[in-house]
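As written in Swiss-Prot, here are the features:
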type: SITE; residues: 93; note: site 'Transition state stabilizer'
type: ACT_SITE; residues: 97; note: active site, proton acceptor
type: BINDING; residues: 265; note: heme b binding site
């Protein structure tokens, strides 16, 4: 039955909220979006909780996979023919765009979850026709099944594309596990339209041209910069500014930027030989019969030489299916002028180019076309610093190859996490500083050794709050987004972390000194990383004892101590906490509310809403507030692990009153006297209906023990977030 005959449709009860138009956030847009804490659970994962991807990947015949991928590169399909009979350029673009969404500020984006398969990325204008690349890979994905994730396959396909065209890559590591629905936590920008120029409503720029943090791309729907120029207006020097900002936010320096731009454009071509206005919608907006294909041209041929993707048209080099130094040869040999592609996009073409330097047509080798350069390519020629590097690479091809190989590996592996997560036979032996290396430990402590250390910590001058706060501060830097930070490595001892305001340097140094003395007195080989975590557990056990409960906080030894040489101090600046709701601290006043910042940190720490709730309640009664403040400490028995925070939060004997920015007073309803003070973070657990439901559970008389058990479980999760060896 046709669905286009609206008058013939039958009425049907339809009570499910099956699209995004009717949700509580439309009615109450200021509601906390707790859904970002509940993504990617096993209800959406078809593999089930017992599936171990690492074991599956390690059972692959890896050489066979690579051979199949290399064979695919030259197996052109009629439904989407390969340029010059080689899919290399398409596969490299797919891999680049999978990895290129990574931004260093919050570690989100990147290649490690296969998110290019889902909205919004699968429908970004800059990802045009990458749906075809993934469909070309489907026979290989189907063949190897659960052993090879889409996330790993897309990056490996990019590597094999380069190798099939004569370039030796630096290596490849597997270990990227697929997600199964769009990521709800990533902020891609406030714009409401694709490719919106700067200066309009919901603009991501302020001031002269200050890009909003944590964004890296210059426009909604682009991976990095606009190939036509800033806001579509060619000006290589202005584009160079955008490139420097964008690539820095992708964790790349100038040398890596030049290498990646040149290496990415040494092969393949851009597509703009047609009318973009006739293209069908992107995959998410396509008709059901299109089966997830977007940007279809149903009015003309629309494939091969007639493909339209970015609108820019042409190859960058003379031999687009061969790795060589031709990119720099053309860039510096010829003068270039601004032209328009058949699709109307601004691009640069050479003046008076020799015929032998012109690439041949993708379908007919008897025809030659002008090569082209984007505004980003011309930036390498016009920007003085970029030009120095580009000329050096032109004159030293081997240096260029090495720099590009390393930069490509970094681009495609940055968000995979530490080297301990790497899988497969092609993992490079060399340790790289951006991997945040941590040395392995060579000791194993017996239970008696651990008990002796715990007793020494318990008998030291350190308070419960000092022990717990220091362990928390060491572990809270962990980001589940790119798996950076955490307690392993004990980089809280090193610059810059030891001097971060949020770590209370004076208190931190006191605790570290005492712990180091204990380690020395006991002649213990234990790392400071392990000792800091062990000490936090001692503090919690003492607090539970003070509440009348005897517990043991699980402790998994095996953390190493990083050194300054192993640490790129500048790269850790982005991990510095400027807020921590768990310790009731804000470094400054922010436009974003304190409770939203708490949600942000909780999501990066991979906490559920329940875990976030129980941790807040426990941290408050342990007295771990920054600076020892009393905000939210709803107890007369600080240092005892009780459920007092939740009991008093939900007690109707009190009323709540604003008392300044992010400050509230809790007054006795009968007398009007102030009993406690609180922050917005504290109050949200009583005001938000979902969080209050959790708070009520922990306030119940029969859940005192459950509160302690759940707090310990959540605490151990935080301490072990970066223990990928467990």
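Any Cβ shown, glycine's included, is placed from N, Cα and C.
Structure coloured by features recorded in Swiss-Prot.
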| residue | record | contacts (Cβ under 8 Å, 6+ apart) |
| --- | --- | --- |
| 93 | site 'Transition state stabilizer' | 130, 133, 264, 268 |
| 97 | active site, proton acceptor | 116, 126, 127, 130, 223 |
| 265 | heme b binding site | 316, 317, 327, 374, 377 |
DSSP three-state assignment (helix, strand or coil) for residue 97 (active site, proton acceptor): helix
